[in-house]
């Protein structure tokens with residue numbers, strides 16, 4: 001077992017843990033912190049430490065660990081680290097991809113380490129700190145109970161029973177024996193990231209520009225992919241913003257420009273999403289996540305009767321799929337429908353209150369009553385946000401109750417629930433005004449109020465809430481005797497770093513951020529035919545959003561573990577579906593507009609419907625052609641993937657059929673999608689111009 005920790009990033013400061021332990025920990029640089037609850041006994045903590053240090057044959061993780069004293073004077077903080085060689089071996093076992101000197105990105109093998117682009121004889125710098133922390137997390141999650149271990153030592157909790165092959169860390173979390181597990185910050189790297197990220201040092205940073213590669217190196221692919229998507233979306237909003245503002249200021253009554261602007265927005269949504277696919281595939285290739293498939297271990301909350309996994313052969317909980325489907329369709333689905341009905345009732349109450357306010361204004365017609373007319377819309381906008389947040393908690397509970405084995409399945413089912421409810425809660429009133437009341441002026445006013453008020457409330461939450469959380473952390477730290485808690489991490493003594501980070505709030509992921517972009521995207525593109533200024537307000541909000549989100553990541557939250565990501569997952573489908581719904585809503589609004597109706601005099605109702613259905617299908621056809629015409633991958637990525645596939649095929653031919661040693665070039669046989677094949681022949685000049693701009 002390795003006992004000596006080597007420095008990993010050049011110029012990186014080692015966070016000292018305790019002044020009295022400085023000498024004994026001179027070669028120990030912690031990467032991950034585990035905090036036991038006050039309920040745990042010294043026996044349990046020592047046992048967990050020994051499991052982490054034990055070899056893999058003994059059911060351990062073969063890592064380095066050190067128990068240190070917490071603020072309450074007890075040794076219940078466990079610091080985990082590993083030498084560089086051990087981390088690189090873990091990277092090979094996980095199939096982590098690295099860039100080699102020949103320019104290709106493929107699975108890393110320790111035997112081929114000298115061919116890696118960033119190879120050094122000391123092995124330092126071959127892994128980012130976030131990758132090292134992710135490897136340690138995976139190794140900790142994979143600590144399994146042995147056959148002789150049937151109970152957590154020193155614990156009287158009724159659920160502390162262990163089963164062979166079951167993750168020990170998951171059991172300790174479910175028994176509330178482990179309170180926190182988080183990767184430590186790197187103060188010097190964090191200081192540089194803050195300077196480059198949200199201090200607006202360059203003009204291009206104003207409109208979505210961000211140091212994505214640095215973000216990825218520090219926080220991992222999932223966080224970097226979200227901020228890259230946010231930046232790409234913000235840049236894409238610039239064009240409809242300019243056109244919308246010009247239309248709003250100089251040509252508000254022009255019926256032809258009205259139609260042209262709406263059609264442009266419908267097509268532009270497709271261009272934005274297709275060019276994003278190219279951007280994300282380029283990121284994924286450079287980051288080594290393109291085409292990477294990882295076998296998912298069971299979620300921490302997954303439960304069931306102990307059985308055998310047919311793929312791994314290991315013992316793990318088994319839960320029948322029919323029981324899960326029963327919970328989805330007989331419990332979750334009816335509750336989601338009920339929540340949607342509640343949203344409908346709240347909407348009708350809003351219309352009732354607004355009608356009362358309008359009647360009052362009609363009777364008195366004063367400045368006071370004129371302002372009173374806007375009050376129901378403002379209150380309703382805030383209520384929508386509160387209902388979304390309350391439903392989020394309910395949706396998480398329902399999805400946990402469905403007992404999904406994989407984390408990806410859990411997230412996908414959660415996204416479906418959240419999108420369905422948020423769509424009804426945010427947009428149903430606008431559909432009602434547009435297609436039942438058919439009041440375009442009222443629709444324009446309601447859309448403006450909902451968009452502006454919800455973004456304003458969101459920005460207050462993004463700025464005021466982090467400030468309050470920071471003040472709470474400072475007060476809590478000062479009560480605990482931490483005088484440096486109010487300072488940035490790079491100004492805090494290294495001996496106090498772990499204690500200060502322990503007081504930080506846990507980062508909950510990007511779900512809320514994607515949801516916010518989802519309803520904003522809907523407000524901008526679903527009803528762009530009636531309110532051209534929507535893109536302007538969205539652009540202004542996103543410029544602020546990037547800065548506030550960056551501040552929270554660097555100053556408010558604990559550092560999250562890296563999560564590999566090749567794209568934005570199910571959210572890509574969500575935005576694409578919204579793009580097609582936008583075609584239907586905008587064409588219907590154009591058909592009902594007073595400017596278009598005179599052009600259709602003499603036509604029957606059925607003929608009018610057929611005309612707009614044909615126009616709608618034409619727009620959809622154009623969107624589909626654009627989707628095929630714009631390749632999902634840049635040409636250089638496609639070339640590199642083909643090169644790796646060719647090398648893999650050649651290596652397989654030379655490989656002895658019965659040889660069991662790992663291949664130097666693992667097969668990444670990925671069939672080209674139809675969009676790539678047709679893109680070579682259907683690539684129109686407009687698509688080429690757009691992709692060159694976005695690339």
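Just so you know, glycine gets a Cβ as well, placed from its N, Cα and C.
Under the heading compositional bias 'Basic and acidic residues', TrEMBL lists 1-16.
Summarising the annotation, TrEMBL assigns region 'Disordered' to 1-20.
The feature domain 'Anoctamin transmembrane' is assigned by TrEMBL to 215-643.
Residues 207-210, 212-213, 215-216, 257-258, 261, 264-265, 268, 271-272, 275-276, 279-280, 283, 287, 510, 513-514, 517, 521, 524, 528, 532-536, 538-539, 542-543, 545-546, 549-550, 553, 560, 563, 565, 567-568, 694 of the same chain sit 6 or more residues outside the transmembrane segment (223-250) yet have a Cβ under 8 Å from a Cβ within it. The transmembrane segment annotation in TrEMBL covers 223-250 (among others).
The transmembrane segment annotation in TrEMBL covers 256-273 (among others).
TrEMBL lists 328-353 (among others) with the feature transmembrane segment. Within the chain carrying the transmembrane segment (328-353), a Cβ under 8 angstroms from the stretch's Cβ atoms is held by residues 376-377, 379-380, 383, 387, 391, 394-395, 398-399, 401-402, 413, 417, 420-421, 424-425, 428-429, 432, all 6 or more beyond its ends.
Marked as transmembrane segment by TrEMBL: 373-391 (among others).
Under the heading transmembrane segment, TrEMBL lists 412-435 (among others).
Residues or ranges marked as transmembrane segment by TrEMBL: 521-540 (among others).
Among the features that TrEMBL reports, transmembrane segment is placed at 609-630 (among others).
Residues or ranges marked as transmembrane segment in TrEMBL: 672-694 (among others).
Beyond the transmembrane segment (521-540), the same-chain residues lying 6 or more positions past its ends with a Cβ under 8 Å from any Cβ of the stretch are 233-234, 237-238, 240-241, 243-245, 247-248, 258, 261-262, 265-266, 269, 423, 426-427, 430, 434, 440, 443-444, 447-448, 450-452, 455, 575, 578-579, 581-582, 585-586, 589-590, 593. For the transmembrane segment (609-630), the partner stretch with the most Cβ pairs below 8 Å, chosen from 256-273, 373-391, 412-435, is 256-273. Listed by sequence, the residues of this chain that lie at least six past the ends of the transmembrane segment (256-273) yet keep a Cβ under 8 A from its Cβ atoms are 232-233, 236, 239-240, 243-244, 247, 521, 524-525, 528-529, 532, 535, 572, 575-576, 578-579, 582-583, 586, 589-590, 593, 595-596, 619, 622-623, 626-627, 630, 690.
Away from its own ends, the transmembrane segment (412-435) comes close to residues 328, 332, 336, 339-340, 343-344, 347, 350-351, 380, 384, 387-388, 391-392, 395-396, 398-399, 402, 404, 442-443, 446-447, 450, 511, 515, 518-519, 522-523, 526-527, 530, 569-571, 574, 585, 588-589, 592 of its chain (Cβ-Cβ under 8 Å, at least six residues beyond either end).
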